[in-house]
Amino acid sequence: MGNALRFSRRSVLKTMTAAGGLGALGAGLPWTPAMAKTLVIGFLYVGPRDDYGYNQAHAEGAAAVKAMPGVKVLEEEKVPETIDVENSMESMINLDGASLLFPTSFGYFDPYVLKEAKKHPDLTFLHCGGLWTPGKHPANVGSYFGYIDEAEYLSGIVAAYASKSKKLGFVAAKPIPQVLRNINSFTLGARSVDPAITTAVVFTGDWSMPVKEAEAANSLIDQGADVLTCHVDSPKVIVETAEKRGVFCTGYHASQATLAPKGYLTGAEWNWAKVYTDFVKMVQGGIKPPNLVRGGLKEGIIKTSPYGAAVSDAARKHADDVKAKFMDGSFVIYKGPIKDNKGNSVIAEGKSHGQTDIALESMNWLVEGVTGSIS
Amino acid sequence: MRPFLHGAVTRLSATLSAPLSALALPVAAVAVSLALFGAFVALVGVDPVEMYQLMYRGAFGTWFSWQNTLTRAAPLILTALCTALPAQLGLVIIGGEGALVLGALAAAAAGMALNGAPAALVLPAMALAGMAGGALLIGGAGALRQWRGVNETISSLLLTYIAIAVLNHMVEGPLKDPSSLNKPSTPPLADAYMIGTLPGSSVHWGLVAGIVCAVAAWVLMRRTTFGFAARMVGGNPRAARMAGLPVGRLLVVTTALAGAAAGLAGMVEVAAVHGRASASLVAGYGSTGILVAFLARQNPLAVIPVAVLFGGIGASGGLLQRRLDLPDASVLVLQGIIFVVLLASEAMRGRLHLFTFARPTATPATKEA
Amino acid sequence: MDHASLGWWGVPLAVLAGAIRVSTPFLFVSLGECLTEKSGRINLGLEGTLVMGAMSGYATAYLTGNPWAGVLVAGLAGSLLGTLHAMICALERVNDIAVGIALMLLGTGLAFFLGKPFIQPQAPQLPAIPFGWWSSSAQVRSALDINPLFLVGLALAPLLLWGLRTTRWGMVLRIVGESAEAARAMGYQINRVRLLATAAGGFFAGVGGSFLSLSYPGSWNERLSSGQGITAVALVIFARWDPVLCVWASLLFGGAGALGPALQSVGVTQGYHLFNAAPYVLTLAIMIATSSSRHRLAGAPAELSVTR
């Protein structure tokens, strides 16, 4: 039995590798065998790498790297945000000769990644979170992140067309700026279609709490929400609950389309395969990767899930039009006047904050149309 | 000279044989567990010999591995004391995680309140606050046991869940650093207040704190009247009460001390590792500590080597994932097997004569060279 | 009325629906633990049993395509762990609480280890019985989509109570739990009785676990249990070892767990961490209120180590 189980797990990973490999070839630079020294790359995940969510998105990126020539990929999952991060990286460096590390959890950065980077100035540490500040952080550290709220805005548009009750539901882990930005972008997208739409939010309190998430999804549906979305580490339970209760949903982190063949509309996904293969090619080619890499749909860091069958033509057209504007960089989500849900003006008329605007990174308000408050 | 030497040898063998036979059983239990776990991984297609070689390398094989092991062992010593101390009175406390978390929160709050004061003042204050936080939680479980008859095992566990909720509430609410945007936490401690590492290594001073506390706990329990009274309560509470021992006070003080140990672990996590309090403090050191305490047969001194062993198992876990594609839960399975086998081995105690030395009546084995 | 909003009325409805949805694992674990404790032994390992049941049930349902086979296998896995507990506890000088903690760890570890390949696939779910067919409101219909396992649990409680009170088996079990000496004098084999009681208790807990993975939330992953197994053990103590009271206690717990999300969905989002801790605070408060240092708890089996 054991072998059969292992086989099935490996086959899942193999499929992922194959899928990622194709992507890598498409964007490929020619690789010359002259630099034939194997590059050992370590990936650290905070949760299980087959969670249909945050960690799987990164593992799919790692799988794409694995398919590249001249690399050896090491992976460790469920590394908690403690001194274990330092220990695991040290172990990869000392015992396996890793020279490029991808600590993929936001909470790994300070102090663990910073400490390790200072200790090993000749190695490269690329962290997912977009936290690098010049002058403050070591030069051999890079940090990358994507403006996934662009895809959330598109999901909001699609959700608005699908909703009959004009009520959307959002299951979120914690009221932190990244999450609030997704909630707000999703809601702004939906309200750009129909200003009568509202979004109800439930915070579960942590990144992975399946029973709470299911309970939250059910409460939201009971309150009339007929499109659900979420920002938790693994959207699986929420997407499955929505499908069971016969409402629509949009995904997050990775594609959950197979979990909800009827109700899955679209989703906001990371495209780490591109980011990671690009980084690895730079390192292989002797180019120092940039310290701060951020981008959205245009830069290919973010992608959207293919539309589900339930998405109407009008919705597709509207979303595709806006997506085209994201792609040419002409669309701004946070353009005044925007009020928060307490009636205060947060972005004044005539003012607009583009994606890279640092002001958006300390977002601590919920936009008009969201029910709920941040305690 | 001869009779004196003979006597000395006999005395020596007598003092050696007790701890040695006490050691034989856990060592045998660990060996049996390793064999069982080896068979288990063999079933899923992994070569056990290769696995144990890797584990040895990852845990103790290099200087780096030793540092990895010892850093992991440091908090385990302190959280194990949280279970081992009350065990002297016959109590089973499993709230070490909660005491660690509350201690860490209290220590971080103290660090915030005293920000700007000299480190020589702030660090002891943080340590005291951490110990007080842990003592409050586990001492509370002890007090509930004494005055309301509430089972301490279950109450200490429930208090742990509550402590974690309080931590989350505080770091996302009243104690939140407004600039800790996407990872809510208390404000970072200034570098001056951070506990450094032992010279020439990456192991922080928490290891020393743990060893000192373990030795102190051993002295308290084995060499003082307090400890004698406590162990008497553990042996026979009714007799202890009849002998006029202050059972209630012993119980509450011991549980509070136990909580203080885990609370200190929390302070060390804040001041040596995290530099702040956040949800990441909930990392399972408390639950592994329970295991360490049981494997050490609740002996505060034995806690030290057992914590190192478990630190080693943890340190080798990553290598098993990377090289053998074993899941991270392998470490949990191995720990579970060790725990179960060890408890079962208790039944063998007193029947094992492997390490008993020659009786005094027999011819002395040693001769003058 | 489809998709109509219920506003504040949704809160009691969500609490009721939540009570039914969330309480089932509590119910099964507490009934099983009740049986085990009546024989004079406590099994704290049911947390591990629950997780193991969730994993093995999900895996079996996925591999065979039959969720009921999953329930059965989950129960069997549970009784296997229960048997292990009883066999170790039957040895001399072995503390049942410690064995429970050990099995909690082993059960969880094994479930995580063997469960890795089943995090991704979707297993067939247990069908629900639509008791809300009469209602025009989608919310009420959904709240009354009741899983048969919940009904089995409900039926099991009075059955257990009756069995413990009136059957010969129940008598023997209670004698063993009240006084091992008396039972021995009457010629009963204490260890065998306790083994059967613990194995049966493990079976129930395993089934409770399969509810988590095969019905609600209906998915297997490593964060599935947030201490339901261990909380249910505490629940037995304040249900005073009465299976029917276990039902009420479980419902109370399920409802308390549903309160937080329900309040948030109508806009009360402050202090949600503290709301989420409500079930634990509630258990502790009830334990403090109902325990006493002077006399034993009513209904407590005299041989039970936790109440001694």
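The backbone N, Cα and C atoms fix where each Cβ goes, glycine too.
TrEMBL: automatically predicted annotations, no manual curation.
According to TrEMBL, the protein has these features:
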- C:6-32: transmembrane segment (TRANSMEM)
- C:44-63: transmembrane segment (TRANSMEM)
- C:69-90: transmembrane segment (TRANSMEM)
- C:97-115: transmembrane segment (TRANSMEM)
- C:146-164: transmembrane segment (TRANSMEM)
- C:193-214: transmembrane segment (TRANSMEM)
- C:245-264: transmembrane segment (TRANSMEM)
- C:270-289: transmembrane segment (TRANSMEM)
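The stretch from C:6-32, C:44-63, C:69-90, C:97-115, C:193-214 that makes the most Cβ contacts under 8 Å with the transmembrane segment (C:245-264) is C:6-32. Here the transmembrane segment (C:97-115) sits apart from the transmembrane segment (C:193-214); fewer than 3 CB pairs are under 8 Å, leaving out pairs fewer than 6 apart in sequence. Contact count against the transmembrane segment (C:69-90) (Cβ pairs under 8 Å) is highest for C:44-63, out of C:6-32, C:44-63, C:146-164, C:270-289.
Just going by CB pairs under 8 A, the stretch in C:6-32, C:193-214, C:270-289 that sits most against the transmembrane segment (C:44-63) is C:193-214.
Within its own chain, the transmembrane segment (C:6-32) is flanked in space by residues 46, 49-50, 78, 137, 139-140, 142-144, 146-147, 149-150, 153-154, 156-157, 160, 200-205, 207-209, 211-212, 215-216, 225, 228-229, 231-233, 235-236, 239, 243, 246-247, 249-255, 257-259, 261-263, 265-266, which lie at least six positions past its ends and keep a Cβ under 8 Å from the stretch.
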